[in-house]
Amino acid sequence: MATQFDENTVITIFGASGDLSKKKTFPALFGLYREGYLNPTTKIIGYARSKLSNEDLREKVKPFLKKPNGAKDDAKVNEFLSMVSYHAGPYDSDEGYLELKKIIEEFEAEKKVDEPHRLFYLALPPSIFIDVCSKLKENLYTESGIQRVIVEKPFGHDLQSATELQEKLAPLFSEDELFRIDHYLGKEMVKNLLLMRFGNTFLNAAWNKENIQSVQVVFKEPFGTEGRGGYFDSIGIIRDVMQNHLLQVLTLLTMERPVSFDPESVRDEKVKVLKAFSPIDHDDILIGQYGRSVDGSKPSYLDDETVKEDSKCVTFAAIGFKIANERWDGVPIVMRAGKALNEGKVEIRIQFRRVASGMFTDIPNNELVIRIQPNEAIYLKCNAKTPGLANENQTTELDLTYSERYKNYWIPEAYESLIRDALLGDHSNFVRDDELDVSWKLFTPLLNYLEGPDGPQPKIYPYGCRSPDGLVEFLADHGYTFSKPGSYQWPVTTPKM
């Protein structure tokens, strides 16, 4: 059983002056402290190159430390910030690390810590990642204690770069010490998938090719690159959210039942199903790039001055998948993601096969929708008799909206959940090295095709549209049956973002 980090743990955040730390890491630690899941004896040290004082860092992160409802809690904020300090230093020389080592060891000596517990959070760009890992291992590791290292994506740019990264990391950290964070695995509805699937007989029994007609994993954003064009141009939507976040969701949807919730049992099954994915057919995709909005008020992707004028960067993609195993053989699966669309949401759609005809001439499919964000919810579209004397069908839904059902529950943010898991030593919701390898093997040939000299030109779609032209036909070709116009309206739970 993994050792739980509790009293007198030292958490060091590299890249502490950056946006990720300010908007995600520090607020997540505060959330854990506020709810009683971070021991008040914890010492939190921010480390970066920026010349800041302790007070400078505290003032920088303070506006982002709030309650889940957005309200401030000054007393808790001040208590938390008293646990936070800052040290400036270079990333590429020993000097700053040795100074940091002294600070950590003085704290541990003062607290009479025999077995140090040190958690290092690397909120850093790929360009300096390995240098920092090497210096960290050389200067900040202790033989008498336990170290854990949280690393952020991207975990490589393709299979080759991911393999090279792994080869450099392997001599530095054991797999037990390394926590590759994909924040989607910390989202409440994603963490709910295994319990929902395998803890409910009616769902588990229907979760197969005999009953399921089509599967979709959907990601929509209502905004474009908004100043990140230069960065986004080098990655595109597939690397940004599909090879990592959405694939993690899909593996949890399609994996077999693990023998237990033990981290290795769960990750073993994820790798098994990934290996059963057929290679992506280059003709089984739909790609697009957003243009200006219909009214001209929103810019096109190419209007961004940091983007190459002839860029073929994909900002929307729909990809068909096939899984060659007993459970999923023949079931069409679509993963789709896009920027600059009409709304912001992430959801899973499982459409079931129609019931046999005979007593029913034309009855809609059942459909299970799992809303990951925003406003977590589960809907089951089903058929029922319309109240009254007539024997007519009405399509309705069974509705579990979390904000209504669990009003008095604290639903942790993804980073809160995952940092807590790392403190507990629980790897269940982190990416293992072989899992990363198989995922890149699946996507790299497609990326090479799209980015090669003979790669296709993405279709232009207007900023703010519901979907690019051709998506309805693409989904229909992949087994999805649309409701008749006006026959049913899905519950509206997604505010425009």
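Each residue, glycine too, has its Cβ placed from N, Cα and C.
Over in Swiss-Prot, the protein carries these features:
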BINDING   Gly15, Ala16, Ser17, Gly18, Asp19, Leu20, Ser21, Lys22, Arg49, Lys153  NADP(+) 1 binding site
BINDING   Lys153, His183, Tyr184, Leu185, Gly186, Lys187, Glu221, Asp240, Lys339, Gln373  D-glucose 6-phosphate binding site
ACT_SITE  His245  active site, proton acceptor
BINDING   Arg336, Lys345, Arg349, Arg371, Tyr379, Leu380, Lys381, Asp399, Leu400, Thr401, Arg466  NADP(+) 2 binding site
Same-chain residues at least 6 apart in sequence whose Cβ lies under 8 Å from Gly186 (D-glucose 6-phosphate binding site): Pro412, Glu413, Ala414, Tyr415, Glu416, Ser417, Leu418, Asp421, Asn429
Pairwise Cα distance for Gly15 (NADP(+) 1 binding site)/Lys153 (D-glucose 6-phosphate binding site) [Å, integer]: 14
Glu221 (D-glucose 6-phosphate binding site) and Lys381 (NADP(+) 2 binding site), distance between Cα atoms, whole Å: 24
Least surrounded among the recorded positions, given as Arg49, Lys153, His245, Lys339, Lys381, when other CB atoms within 10 Å are counted: Arg49
Candidate nearest His245 (active site, proton acceptor) in space, where candidates are the binding-site residues Arg336, Lys339, Arg349, Tyr379 and distance is Cα-Cα: Arg336
Proximal residue to Lys153 (D-glucose 6-phosphate binding site) among binding-site residues Ser17, Ser21, Arg49, Arg336, Leu400 (C-alpha distance): Ser21
Residues Gly15, Ala16, Ser17, Gly18, Asp19, Leu20, Ser21, Lys22, Arg49, Lys153 [recorded NADP(+) 1 binders]: greatest CA to CA distance in Å: 21
Winner by Cβ contact number (other Cβ atoms within 10 Å) across the binding-site residues Ser17, Ser21: Ser21
